[in-house]
Amino acid sequence: MRLEEHGYAIGDCTQALTLDPSYVKALYRRALCHLQTLHPQLALQDFKKALVLDPKNAEARRRHTDTQKLIRRVEFEKAIEMEEEQDAAERCREIIAEDGCAVDKDYAGPILPSEPWDPSAADQKRPPKEKYSITQEFLTDMLKWYADGKSLPRRYVWEIVLGAYDAFRKEESMVEVTVGEGETADVIGDVHGQFYDYLHLLTLTGHPSEKHIVLMNGDLVDRGSWSIEVIVAAFAFKWLYPKRMFVNRGNHETKDMNRTYGFEGEAKHKHGDMTYKLFAHVFTALPLSTLINASKPPTSSSSSTSLATPAPTASPIPPILSPTGCKRFFVVHGGLFSKDDVTLDEIRKIPRLGKQPGQEGLMCELLWTDPQDMPGRGPSKRGVGIAFGPDVTRRWCELNKVTGIFRSHEVRQDGYAVEHDGLCTTVFSAPNYVDQSGNKGAFIRVDDSGNLDYVQFEAKPHPPMKPMAYAQGGLAGLFS
């Protein structure tokens, strides 16, 4: 459970209950894992059985009550969503146009540039009094303001999120980026609301620029207690540099995970209910993957073994190249699929706007799956998605002419791990994850020939706030 291998834990508990149906601890722990795998109804059944066997178990009774409330709340929210035809982004724009989200007169932080709105260029009946834009100066000042523990006005947060949303909506579910001559691209793994580590990471990667691309590979939020600061900063970069800053969706940019692991509570606490609804909608606009293309063929100095690590006595394995003879890397939060023959074109066309990933299908698997050492496919240790072996990875890369896969989704003690004969690399960018794991963080730099550089970094101190400070139920207590 501490390793978040909830699928394995459910299997262990089920086997224990087969041997001893009255084993209350197995029922209780299986119920907790069902909550984490987004099955509250199954959790409720196990809590009920535990209470029948042990009526005086106060913790099981509390969890039972909390789960009942969760189920009622989820059903209520679904009913409300069925009635609401207007998405949250449109509603926020209306509120802005109606002067319902003004900047507090006492605000003394960085000023987002604005100019009078030109009604003739507006598509609203009542345009707002001013039109905001973003500059590098504001973004730099904002990061320092956040680092000092201060907050932006709700209006600024909305403008930043909506500015990024307009850019995300124009992108396909698989974005293609090319690393031009003399350029580099950095792939960042999970950050999970660890804002002070993210600030340090930005000093290593540098900001997006004409010669530098930055790609964040999902799970920007939840767990850490500065998720708002991380996601607003990332979206500000996207608004300012829409063709140089990219963000893939992770399994934590979803409603079910935000409800349990803290982002929903944090967003509502810092900026109100409507702000969370806005984020939840904009998360559905995030692309599901990115294809990074090198612009130059591999050179003699280009390491063909950086994505292929054969035995010491073996000859280097030639890299798989694109149809143009260049390296290219498929970047996705989770991994590959429960079936072969999924093409890049299929991924590019996945409808995503307004949709949650659910428990099956291509979107779910892109966000949730993990590599395994054994060939073939296996059950997910998480209880959602599948596990895929090195043979599955090689077949997919050869089918799609992809040099390798970069994915995140899992802690690696060194910050990264090259797996599946070099074809699958996991990168994780939240050092000392939830203040407990002791791991390094890392990111991957790609140059114009497809050469790779793995950069590691250590955790930085942060203010005295525990991880998951805004989490609700589930396994939050494990991280106190």
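Even glycines carry a Cβ here, placed using N, Cα and C.
Remember, TrEMBL labels are computer predictions, not curated facts.
Feature annotations, courtesy of TrEMBL:
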ACT_SITE  H252  active site, proton donor/acceptor
COMPBIAS  297-312  compositional bias 'Low complexity'
DOMAIN    248-253  domain 'Serine/threonine specific protein phosphatases'
REGION    295-314  region 'Disordered'
REPEAT    24-57  repeat 'TPR'
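A C-beta separation below 8 Å, combined with a sequence spacing of at least six in one chain, links H252 (active site, proton donor/acceptor) to H192, G218, D219, L220, V221, D222, R223, N258, Y261, F263. Mean pLDDT for the repeat 'TPR' (24-57) in this predicted model: 93. Mapped onto DSSP classes, the repeat 'TPR' (24-57) shows 27 helix, 0 strand, 7 coil.
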